[in-house]
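Participant: Structure provided below as structure tokens; questions to follow.
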Amino acid sequence: MDLPIVMMDPFVPAREAVDAMSLRIGVPSNVVRLMIGLIGGCLLAPLSHLLSSPRHRHTLNTVVGMAMGWFVFDVSLVHSIVPTVLVYTLMVAAPRHLVGQITAVVLFAYLVAAHALREFGGASIMWDAPQMVLTLKLTGTAISFADGALPTDKKSDSMLRNQLLDRPSFLALFGYVYFFPTFLVGPIFEFNEYLMWVDRPQVAPWRVTLYVLAMLVVCIAGHAASELYFPILAMDRPTYYSHLPFPARLCLQLVASALMKFRFYMVWQFGELGGILAGYGYNDTTRTWDGLQNNNLFLVEIPVNLRVAINNWNIKVAKWLNTYVYQRVGLHCGKPTTLSTFAVFIASAAWHGLLPGYYAFFIMGGLGTEVGRHVRRRCRHYFHYTEDRQAHPWAPFLDFLDPKKASPLAIVYDVGGVVLSWVMIGYCAPSFVWLDMARCFKWWSTVYCIPHIVTVVTLVAFLVTDPKQPRKAT
């Protein structure tokens with residue numbers, strides 16, 4: 001199995017030295033390669049400003065992205081080349097209205113097979129992570145191309161925004177897929193956004209660059225704290241702060257779950273910083289440089305409810321799932337329903353992998369979100385008398401000071417939502433990392449699985465007592 005890698009090493013400058021260094025420091029070589037690729041993407045990103053022609057910028061993204069993929073993945077780079085060529089071929093040869101459906105089935109089946117190979121076949125592969133990014137980018141592009149042929153009155157606002165009226169060029173599609181600052185770990189973005197950024201070269205204000213860089217430093221520090229002081233892989237062992245009583249250990253275990261997320265924040269910040277340095281990410285709608293922002297750390301770590309936390313964690317994937325799963329299932333049902341919510345969480349779990357830990361995490365996320373939706377609909381009006389959906393999620397925290405806007409007890413409702421959401425995420429998060437259900441149930445049993453029981457019982461009670469809305473006469 002090692003022979004192909006050894007044969008290819010002479011064609012990859014410096015990689016043999018990198019792998020030797022990773023062996024000396026005791027860090028897996030794939031992790032070291034990935035980090036070098038992420039840092040290299042940021043260092044090379046300013047090269048984009050030397051080119052003004054869209055064709056040249058597509059070429060730069062393709063060449064550098066593929067070179068980076070070759071350095072990190074070796075011959076496994078072919079797993080991104082073949083699907084990209086296949087999708088372009090489908091756009092040319094397949095019936096346009098079926099392109100999106102065929103692409104979704106083929107690419108998700110390919111991704112699930114990759115997950116199965118790694119999780120159950122014992123294969124040591126790492127290309128399935130960028131394959132996850134590739135699958136969403138190409139599937140969304142193919143669906144948007146199919147949407148371009150639909151009558152205008154059949155399209156939702158998101159379909160109109162993302163539709164592709166003309167088939168992308170071969171070079172543009174490759175430039176989009178291999179956009180090197182985000183090729184390895186994301187974040188994802190729409191093809192129309194990529195074309196806008198390529199066609200209109202811009203330089204991000206220095207304040208934006210410094211802020212994103214500062215957030216990267218914070219995320220690196222959080223990840224270091226997680227690895228050194230609060231390792232989630234060790235948090236259920238008896239030796240984990242064994243001198244402390246159980247309540248204190250439980251709180252530190254929840255802290256470990258929270259800090260675990262910083263490894264994801266960190267790699268996404270590398271992608272966002274690289275994009276910003278290349279002049280990509282300007283959002284015409286908000287007139288800010290948030291087009292590549294993939295997480296809002298503060299709204300995830302201090303969420304007013306689970307929905308806010310989920311919508312601000314892996315933002316681009318959440319947006320993709322909302323656009324291409326939630327809304328489209330809702331479109332067939334007439335409006336989004338509980339089915340739409342669970343379709344999103346099941347699709348998200350399958351996208352991540354096949355091990356039951358993913359499904360335990362996302363199903364609980366779906367249940368918790370549904371409970372939160374019912375609580376908000378039935379109880380919020382007792383505490384908050386007004387609602388501004390355009391306001392910042394934290395804005396209502398001060399409403400209790402104004403008797404016209406809220407009850408004095410509104411602060412209890414708001415802070416209670418934050419605490420319950422934070423505990424729920426920390427309680428469920430280990431299943432996403434451990435992926436071992438026996439281990440998860442053993443840890444959950446230390447608190448008698450109370451969050452699971454309360455969530456399920458509450459949701460059932462809400463569903464049973466939900467007043468049916470009378471249908472309008474047609």
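In case you wondered, yes, glycine gets a Cβ from its N, Cα and C as well.
All TrEMBL annotations are machine predictions without curation.
Heads up, here are the entries from TrEMBL:
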type	residues	note
TRANSMEM	31-51	transmembrane segment
TRANSMEM	71-91	transmembrane segment
TRANSMEM	98-117	transmembrane segment
TRANSMEM	170-189	transmembrane segment
TRANSMEM	209-230	transmembrane segment
TRANSMEM	342-368	transmembrane segment
TRANSMEM	411-435	transmembrane segment
TRANSMEM	441-464	transmembrane segment
Participant: Counting Cβ pairs under 8 Å that sit 6 or more residues apart, are there three or more between the transmembrane segment (170-189) and the transmembrane segment (411-435)?
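Facilitator: Checked: the transmembrane segment (170-189) vs the transmembrane segment (411-435), no contact.
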Participant: Taking a Cβ cut-off under 8 Å, which residues six or more beyond the ends of the transmembrane segment (411-435) line up next to it in the same chain?
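Facilitator: Residues 232-233, 235-236, 253-255, 257-258, 260-261, 301-306, 308-309, 352-353, 355-358, 360-361, 364-365, 368, 372, 379-380, 383-384, 396-397, 400, 443-444, 447, 451, 455.
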Participant: Do any residues, 6 or more residues outside the transmembrane segment (71-91), come within under 8 Å Cβ-to-Cβ of it, and if so which ones?
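Facilitator: Distant Cβ neighbours of the transmembrane segment (71-91) are 4-5, 8, 12, 15, 30, 33-34, 36-37, 99, 102-103, 106-107, 110, 114, 125-127, 130-131, 134-135, 138, 141-142, 145, 167-168, 170, 173-174, 177-178, 184.
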